[in-house]
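Enquirer: This is the structure I have questions about; it appears just below.
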Amino acid sequence: MQWQTKLPLIAILRGITPDEALAHVGAVIDAGFDAVEIPLNSPQWEQSIPAIVDAYGDKALIGAGTVLKPEQVDALARMGCQLIVTPNIHSEVIRRAVGYGMTVCPGCATATEAFTALEAGAQALKIFPSSAFGPQYIKALKAVLPSDIAVFAVGGVTPENLAQWIDAGCAGAGLGSDLYRAGQSVERTAQQAAAFVKAYREAVQ
């Protein structure tokens, strides 16, 4: 399965609160993003995610990250969540999410983990933490993976190095602290989002 959004960059808004969520999500969508992840270790995510789905679910793939348990998938499905991102391989989490029709992008680091995730039904993979492995590692791993599986670099990706990950065969990237840090201004989020979009478009020219 090819990645289903127009821009294969996932905005990871870790630590965002319900009061600021809509403004920051609006900023990244205005910049061109169409996939957003709210990690479940963010404050009051149970309020943020439904509000974001209601406001932007028709404009972007709205999802949750750091999903660790099948029962969390159940709760997220009831909220209308469309994307599940995990830091690890939990086959039941993957199967449960696929059963709800969600897109699942689990975190993996080895070929064994990658194929375990694919056997459970994952449609995409995130290599995490990418900065610990480097682009050449991902390039080698990609050589044994199905060609239609979108691989995302997550961890340490910046506008300045995004092209290296794309050149290594990544479809795109998950963007965390270089895009958004808890408490930063909406203007800063918009600025960084625009920088990432520009870097991606230049990388794929």
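Glycine residues also receive a Cβ, built from the backbone N, Cα and C atoms like all the rest.
The site 'Orients the nucleophilic substrate' annotation in Swiss-Prot covers Arg14. The annotation 2-dehydro-3-deoxy-6-phospho-D-galactonate binding site is assigned in Swiss-Prot to Arg14, Thr66, Lys126, Gly156, Gly176, Ser177. What Swiss-Prot records for Glu37 is active site, proton donor/acceptor, and it gives a curator's inference as the kind of evidence. Look at Swiss-Prot and you will find Lys126 tagged as active site, schiff-base intermediate with substrate. The site 'Plays a major role in determining the stereoselectivity' annotation in Swiss-Prot covers Val154.
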Enquirer: In DSSP terms, helix, strand or coil for Thr66 (2-dehydro-3-deoxy-6-phospho-D-galactonate binding site)?
Expert: coil
Enquirer: Using a 10 Å cut-off between Cα atoms, which of these recorded positions sit near Arg14 (site 'Orients the nucleophilic substrate'): Glu37, Val154, Gly156?
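Expert: Glu37, listed in sequence order.
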Enquirer: Around Thr66 (2-dehydro-3-deoxy-6-phospho-D-galactonate binding site), how many other C-beta atoms are within 10 angstroms of its C-beta?
Expert: 19
Enquirer: When you put Val154 (site 'Plays a major role in determining the stereoselectivity') at the centre and draw a 10 Å sphere around its Cα, which of the recorded positions Glu37, Thr66, Gly176 have their Cα inside it?
Expert: Gly176
Enquirer: Given the recorded positions Arg14, Lys126, which one is most crowded in terms of C-beta atoms within 10 angstroms?
Expert: Lys126
Enquirer: With 2-dehydro-3-deoxy-6-phospho-D-galactonate as the bound species and Arg14, Thr66, Lys126, Gly156, Gly176, Ser177 as its recorded binding residues, calculate the greatest Cα-Cα distance and give it in Å as a whole number.
Expert: 17
Enquirer: What is the separation, in Å, between the Cα atoms of Glu37 (active site, proton donor/acceptor) and Ser177 (2-dehydro-3-deoxy-6-phospho-D-galactonate binding site)?
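Expert: For Glu37 (active site, proton donor/acceptor) versus Ser177 (2-dehydro-3-deoxy-6-phospho-D-galactonate binding site), the Cα atoms are 13 Å apart.
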Enquirer: Within 10 Å of the Cβ of Gly176 (2-dehydro-3-deoxy-6-phospho-D-galactonate binding site), how many other Cβ atoms can be counted across all chains shown?
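Expert: Taking every protein chain into account, the count is 21.
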